[in-house]
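Chemist: One structure, as structure tokens, below. Some questions next.
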């Protein structure tokens, strides 16, 4: 079955004599194109990303061993000064900034101008805002209370994870599942800005007001943390992308990705692993003595990812079926991007805020740090589920094979 229904990306580029680099100008498979069509999501990842869960586990293990048997080293890392107004040690702050910057450099900010002119986009943006900033945080609050009614500190760490909407790994998940690339970039950019505005008030509301925490989280602390650990790398990434694309590669996105992103991308993993190592070094005695807490945090996280993904997928199929006037039909590309964006979280930001607000040795930081260990394998599985629906379900944008 074929269809001429254009994607949001294609609508945005209609009328252009020369479509922007990376635009969808050919009919493509709804699953990844070319030789990768028969590969699993796991096999399509780079070597570093393919074993991300293992690297995270090893960083956690090394951190625990180091903190347990060499406590002086972990204390030195945790007390090595403070990074500006944020009460985080310099090593942790550097690790957090390094892991955020490369991911943000991948976002195609230059495509946003054409995308915002598409009327259908605003319907999708409204739906995404509802799911990401209302439904998802409320779901995490509910699950944290259901699974951890007696652990307020662990609940608070999970709530921070639920509020932090994904602006990083979702680019990888969306690419693996062949979602709408430009729309994903739009959501990432939008969520980046909204997190600077909404993260602090939502954290204060859900933790101080709804949960009535014994340790109140301060708005100023959260706002400064978000501004530093998201605002700085976001501004640097936008400036870097503009300067390098304009001055060095003359607008050639392929060269930018090949020569710059390929070089800078591994630093994101290095920063993440270093941060996790230091955090788990500080948590070593808590983890060894309270391994059940780690397991208890894992359970609501798994349920959260699956529930949010499933609910968003169902909602997209229902509201995008064409039965509702004005909503149109939502194809595979849009549904994939919406579902994977909703199910993903910015665990880097959650870790940064937990560390700045409660301290690196806190249970809140522990709960936030467990996030990436659970998210990576679960989201890989959900990518495979999404690809399966692309092959077996009927979609309005199902297209014929025409590999690039």
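Placed from the backbone N, Cα and C atoms, the Cβ positions cover glycine too.
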Chemist: Ranges 301-320, 321-340, 341-360: which does TrEMBL label transmembrane segment?
Modeler: 301-320
Chemist: Taking the transmembrane segment (121-148) as reference, which of 51-70, 154-173, 301-320 has the most Cβ pairs under 8 angstroms?
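Modeler: Between the stretches 51-70, 154-173, 301-320, 154-173 has the largest tally.
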Chemist: What same-chain residues lie close to the transmembrane segment (90-109): Cβ under 8 Å, and 6 or more beyond its ends?
Modeler: 22, 77-78, 80-84, 167-169, 171, 181-182, 185, 188-189, 192, 228-230, 232-234, 236-238, 240-242, 253, 257, 260-261, 264-272, 274-275, 278-279, 348-349, 351-352, 355, 360
Chemist: Sequence-remote contacts (6 or more beyond its ends) of the transmembrane segment (301-320), Cβ cut-off under 8 Å?
Modeler: 127, 131, 135-136, 139-140, 143, 147, 158, 161-162, 327-331, 334-335, 338-340, 342-343, 370-371, 374-375, 378-379, 382, 385-386, 389, 396
